[in-house]
2 protein chains.
Amino acid sequence: GAGADNDLYINQAIVFIEDAIQYRSINHRVDSKSLWLYRCYYSRTCQWILSLTITVILALAFIEEPSSLTVTSDVRYRLPAWNPPCGLTESIELLCFLMFVIDVSVKSYLIGWKEFWKNKWLIAYILTLIVSLADWIVSLSFFCKENVRIRRILRPFFLLQNSSMMKKTLKSINSTLPEMASVVLLLAVHLSLFTMFAMLLFARTKDNQQDKEWVVYFRNLPDSLTSLLVLLTTANNPDVMIPAYSKNRAYSIFFILFTVLGNLFLMNLLTAIIYNQFRGYLLKSVQSSLFRRRLGIRAAFEVLSSLKETPAGAQQSCVSVGALLQVLQKVEMDSRCKQAIMRSLKMCSCDQLSAAQFQKLFEELDKDAVKQHPPSPEYQSHFMQKMQFAFGHPYFGYLGNVVALANIISICVVLVMDADKQLSERDDFFLGAINCFFILYYLLELLLKILAMGLKRYLSYPSNRFDGLLTVILLILEIATFAVYGFPHPGWRPEFMGLLSLWDMVRLVNMLIVFRFLRIIPNMKFMALVVTTLLDLVKNLRAFAGILLVVFYAFAITGIMLFKGAVQAFFIFNFLIQTPFSIKKVVVLYFKGKKVISWCSAHFQAEVIYCFLYVLSVHLIYRWAKIYFVAWWLISSVIWINLFVALLLENFIHKWDRRCQRESLSDIEYQRTVELMFRDVLEEPTEDELMEKLHQHPHLQLCR
Amino acid sequence: GAGADNDLYINQAIVFIEDAIQYRSINHRVDSKSLWLYRCYYSRTCQWILSLTITVILALAFIEEPSSLTVTSDVRYRLPAWNPPCGLTESIELLCFLMFVIDVSVKSYLIGWKEFWKNKWLIAYILTLIVSLADWIVSLSFFCKENVRIRRILRPFFLLQNSSMMKKTLKSINSTLPEMASVVLLLAVHLSLFTMFAMLLFARTKDNQQDKEWVVYFRNLPDSLTSLLVLLTTANNPDVMIPAYSKNRAYSIFFILFTVLGNLFLMNLLTAIIYNQFRGYLLKSVQSSLFRRRLGIRAAFEVLSSLKETPAGAQQSCVSVGALLQVLQKVEMDSRCKQAIMRSLKMCSCDQLSAAQFQKLFEELDKDAVKQHPPSPEYQSHFMQKMQFAFGHPYFGYLGNVVALANIISICVVLVMDADKQLSERDDFFLGAINCFFILYYLLELLLKILAMGLKRYLSYPSNRFDGLLTVILLILEIATFAVYGFPHPGWRPEFMGLLSLWDMVRLVNMLIVFRFLRIIPNMKFMALVVTTLLDLVKNLRAFAGILLVVFYAFAITGIMLFKGAVQAFFIFNFLIQTPFSIKKVVVLYFKGKKVISWCSAHFQAEVIYCFLYVLSVHLIYRWAKIYFVAWWLISSVIWINLFVALLLENFIHKWDRRCQRESLSDIEYQRTVELMFRDVLEEPTEDELMEKLHQHPHLQLCR
């Protein structure tokens, strides 16, 4: 009947608006039951369970057999890792797989059969599940004694497919691949041509004294290739050219040409290419989000306009305010937004809303909360008003910064003076007295500021919250110190009492004071800009970090499987983490493998990372390890670092351009989002685009 | 009289047009004598003499006293360097100074007294000369025994002031400095805050076993600062964190935070800032060049229009074609351009030229020579026409590439097979026979191509010239081999004869074959793009390279003066060159100074660079050396490398954007210049701007 129809329309509108809020696609089934299932599936509980499942299956690696997660990393002292009995991790795995099966079925059902075949991600999801389950069965039938477990390498896929942001990012990385491949090919050509030159140039000669270069670096093709590949990381520069150079200075031309072409030009070309490809990335992704939002709102409008209540004679389709209010009450959204929409709906005098009005109502979603700081208290007394003016003035804040700087300098002076003193010679009186004075000032500052601004207004500024919290902690620490060790006096060096010694207490106080000094950041424009850029970057990097995690996980598991028995899983983890940050050292020690044997056995605990490499080379899997290593170097050091630089450039340059325009607005504290950053460049989708897309919807039949 | 006036106007026009061609400023004196002097000064001879003088004065460093330029760098074998007698270098210097005095007087005279005071470069030039001459007098009065020679550090200034491109670049680097300084300040704050944290965190404890971290890395303020500064170059990563890490894993958080913030964020922020500042740099510089050119042409028009021949009644000022022809004949310019202008002038039917027509005539200057390849010969015979079609077809070129690739692969295979063979086992027959066959093919290809294209057309392509030249050299080498060693046969291993052994000949041939393989570059689009980008980059980098040379020279001379006696000048040169390419190794060995003592004495010859550092540290100038080192690291590794990346990004992104538009034009080979790259973005200066600038000319009084 009409009532049931109306209910359906209302429900559809609710879901479409929720889709718009979450930037989700609206291409799903829209009958009553499916809508219920859809809202269930995207409810917080269900999504939370799904995330938990993914976390659990990824975390299994830490307790599965070749894992070496123990309390200490020192191989001399640690106990053998706990080995879960066969079937324990496997049953957890099965549970996770079942969850994924449910997930994929619901997802497939919701988008419909036709759409399912177009969605490569879903098909890949199902294939992954089938392979995993098959592998699981094999695993159980061998009583967990089998060597290769493919399903472990496939695990990060579950993380990947669950995040639309990561899928989008992967797509745009994918579109960069052809160009990246060209540069990598160019690098390969460069490398191989120079390798041939090197082999011809540094050939074996009759005089054994003369061909040191040949013996050490260019004995055969793999050696030559390796020498030059390592030169590309500059790890063996200038060692590699010294023997030839001492024979004839002209040989250095070869190495200089190679380094300049490979290192300076081709490597930086990769940065240029990746940056060039990612220049539009952020804008494009924000633009498509905007389109999804407008589409969801428009879809909601269209279904609501089909409601039977609508006056029959209306020329244009429109929506009654009542219906919208009914929908809004059931939509899950930020309460601030909801209230703002309700308010403007009530202020609107008309009874019917056109499409444009409807769209305009929901623009509230795009707006960020302009923070309204609560007002300062109004004092009657003239004296109090003067106080308020004095301590509410920015100069009082600057004075606080100066005092904090003075405190830091005093700590620094004491540290320098005490640097070489024996513990027994040290006197904590001076530092104790100084800090006592400064902390009193901080307390005073806190109280005066609260007096001037009122508690609510004071707390509404994040910098004040940071400052106040640290001041309170410092005060508590100071009181605790006095309670335990008494007041400072010359020769104040009491015995150890309570939880921490006096010296530890003083150190902790000092560290907090240094940390508190960061409150100057918002006062320095350039610093504030840098910090906000960094925060934005972190937001935008989440998807990249996720993909890196996926690759990292796959690499780690592959490494554990490849080098099983040879090395502990923990070593591989450490090695993978270290590569991008100390590539040269890793390389140097890797290729000096045989020389570090004695050093390795002496320092086995300390420098596990390199000893892993030594162990690798001893275990005769040298060539495999080399390929594994080069692949990881390319991905982590070359590609990922360049992606990072490209994103940083993109973010920073946008910010910088905008800075000048925003100068005047700086008083209002926006909660900056990526959407906001591009506000003035974004294009609103046109009515036609929206309607065309709506008519392509696989499940929604619009009346007209 | 009118005749003399007319002569003056003609001369002025000539000089203005020459200014326009060379993109020079027109703000110089314009009376007859000054014009004569001006043309003299900018004549090729005078400029060449000036350049020679600058080269000579810079080159003096190689033979002056603390120099160590000898044939071998091995300190064990080399003779003491030749010490020029006191007065020799000094008299050469005096000659150079006299040249510079003449140079600065002419320049100052030509721009006029008023302008002189506005020109800071000229004033600095004069000051530098005065200081240098004073220093020279002091030097002679001490009979060359004085220690400090300031004039040597000032020398690179003469190079700097003589190049307008370098001055322009320096100006734009200068405008980037505030932002760079902000980031460097940020780095300093980052470093000092973390240093304080580290000193508080890794303080001396009672248990001597527990404070390894303190002993090795954080003993006092300078040590801590150094440890973290080195961590910023990642040279001591992860060594620096190992002692703390093995005590408690949580300490690694400190080091990870430091590295991520400092290395990943702040260092890359520097790239972003420098790129952001240099984004418009190329465009702006090309734009101002264009303005200078248009201004020069316009000035020539204005003076020519004041000629008495002009009909008095003309409404608009205009120039007679005859006068222009007269001027053109005397102007020194590219003959192709001159002919083109003459031709279009003759084709123009009118007798008088308006300003617009005049300007349009000289647009020929902006155009690049569109290379017209000579036509192919036209054969009568049907057979020859078919041959011509077959061998003139691109596919024949591709076939040649495939054959070259096959040749390279065969060489590679032989190299791999021969890699571990003793010299006595090696048989050169196989390689000799293969190369013989391939070289015959190359010859055939060369002849057939000449047949198809005609010699002139063949030679008009650079890739063909490259290819042909190498083929001829290969042929000559091969014939020489056969003439000396006979034809190849199994067991072909004759004794040494002539200049080179057979093995050396074969190696040389192989190297040339590998080199010849580069002919594939123009056939691969992406490679061609990269290569043209690199060539452009080299052009644009000249100014930067010049400034780097200036800084390098100043640093080298300062180093020689600071560490006089402690180290050889040659070591300092090597050290400065190596820093950007193997910063980590330099750092590591620098700070392990005391440990490398035995290693240094053993390998003194081979690794001079590091031993220099060791010697430094022994000579108790440790702290000076550290500051010197950090300054050079900042300039060479951080700033210059980032400048390079910024320029590469700028160039590459412009090229890439343009590639798509140009796709259709790719048949026409442009001689690409920076001006051309920006052709479609450049703004033509308006008439008003030009006239306003002309009226501001300090020496030219225009009639109206």
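Residue numbering: from 1, along the chain as shown.
Backbone N, Cα and C atoms are what each Cβ position is placed from, and that goes for glycine too.
Straight from TrEMBL, the features:
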type     : residues  : note
DOMAIN   : A:53-278  : domain 'Ion transport'
DOMAIN   : A:394-652 : domain 'Ion transport'
TRANSMEM : A:45-63   : transmembrane segment
TRANSMEM : A:122-143 : transmembrane segment
TRANSMEM : A:180-202 : transmembrane segment
TRANSMEM : A:253-275 : transmembrane segment
TRANSMEM : A:395-417 : transmembrane segment
TRANSMEM : A:429-448 : transmembrane segment
TRANSMEM : A:469-488 : transmembrane segment
TRANSMEM : A:508-531 : transmembrane segment
TRANSMEM : A:543-563 : transmembrane segment
TRANSMEM : A:569-591 : transmembrane segment
TRANSMEM : A:603-622 : transmembrane segment
TRANSMEM : A:628-649 : transmembrane segment
Against which stretches of its own chain does the transmembrane segment (A:45-63) lie, if we need a Cβ under 8 Å and a gap of at least six residues from its ends? 69, 82, 84, 89, 92-93, 96, 99-100, 103, 152, 155-156, 158-159, 162, 553, 556-557, 569
Under 8 Å, at least three CB pairs between the transmembrane segment (A:253-275) and the transmembrane segment (A:508-531) (pairs 6 or more apart)? no
Cβ under 8 Å, sequence separation of at least 6 from the ends of the transmembrane segment (A:469-488): give me the contacting residues as numbers and ranges. 428-429, 432-433, 435-436, 439, 442-443, 445-446, 494, 497-498, 502, 505-506, 508-509, 512-513, 515-516
Cβ pairs under 8 Å with the transmembrane segment (A:508-531): which stretch of A:122-143, A:395-417, A:543-563, A:628-649 has the most? A:395-417
The predicted model's mean pLDDT over the domain 'Ion transport' (A:394-652) is 77
